[in-house]
Amino acid sequence: MSTEVVEEFDADYTGRHFLSVEDMSSDDVMRIIERGRQFKAGDAPRVEPGHVAINMFFENSTRTMTSFQMAEHRLGMKILDFDPGHSSVTKGESLYDSVRTVDAIGAEVAVIRHSTNHYYDYLLATGMLGLSVVNGGDGSGQHPSQCMLDLMTIAEEFGHVDGLTVAISGDIVHSRVARSDAQILTRLGANVVFTGPREWMDHDVTRLGTMATLDEVIADVDVAMMLRVQHERFDAGPDFSATDYLHTFGLTDERAERMKPHAIIMHPAPVNRGCEISGHLVEAPSSRIFEQMGNGVMVRMAILEQVLHGRETK
């Protein structure tokens, strides 16, 4: 199928929850991207204001949480405050009971980030929730909204996804971004190459593409997507050196100079400057890292609008 950006948003495309890219067809993905582009161009929301959202982040976040908050604000939603550190979670309350509580008091949409892979399966299997769940990231499983903003950024840059060569580089095994992006990029016809330490590869992800060193592929890529070294998910040990990692696996100045003139640099952030990427390359002319963040608001508006439509039709 064609992966050109869809020109018309199908208002009938709805889903009550937004959980995983595995649930989405290629058309679903491209419709969200196009709706995000319409929001970026100034299109008005197609939902009534006043819906109630709550953002339940059990892992630290700057970009995803504030991006969802801004998206909710622009859609005219009311936002309930939630801080796990000052909630009954500290008293032993389970995720399920926390979500059931906010459901009972009137939240319509819960954006949830949790360290447990597929946490949403248990929540929804009970059949007891009236609210909609939007996955803000589950462990090393999925990060579907990040995938949408990455795809929007690539589509804006090139006008298409099929035929592009995308290097996903770094800590693959701990990265929900790598998993989600690789699944959709390959489905849309991109050539995905994985680079990084061999011990940080994950066959369930790397089987979707090929493996190489960054030096072997950097001159051929259209997109160099660098991943953060996720120190909070493993112990790299006392011998880990950011300088050595950058020299061996990261995007150095020398490697960046070998990229094609039209190639772009991406990173889901937060960035460990001087580790995955030379510090000044974060804001180089070829970098789209901060454009990704801006696009995150737009696609999350599209996701929330879709979920609200889904609540009305299902």
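Including glycine, each Cβ sits where the backbone N, Cα and C put it.
In the record from Swiss-Prot, residues ARG63, THR64, HIS143, GLN146, ALA269, PRO270 bind carbamoyl phosphate; the candidate from ARG35, ARG37, ARG113 listed for the same site is ARG113. Taking only the Cα positions, the spacing between ARG228 (L-aspartate binding site) and ALA269 (carbamoyl phosphate binding site) is 7 angstrom.
The residues near the carbamoyl phosphate site, meaning same-chain residues not in ARG63, THR64, ARG113, HIS143, GLN146, ALA269, PRO270 whose C-beta sits within 8 angstroms of the mean position of the site's C-beta atoms, are SER61, THR62, SER67, GLY137, VAL177, PRO268, in sequence order. According to DSSP, ARG228 (L-aspartate binding site) sits in a coil region rather than a helix or strand.
PRO270 (carbamoyl phosphate binding site) carries neither a helix nor a strand DSSP state and counts as coil. All protein chains considered, the CB of ARG228 (L-aspartate binding site) has 20 other CB atoms within 10 Å. Minimal Cβ crowding within 10 Å, among the binding-site residues ARG63, LYS91, HIS143, ARG176, is found at LYS91.
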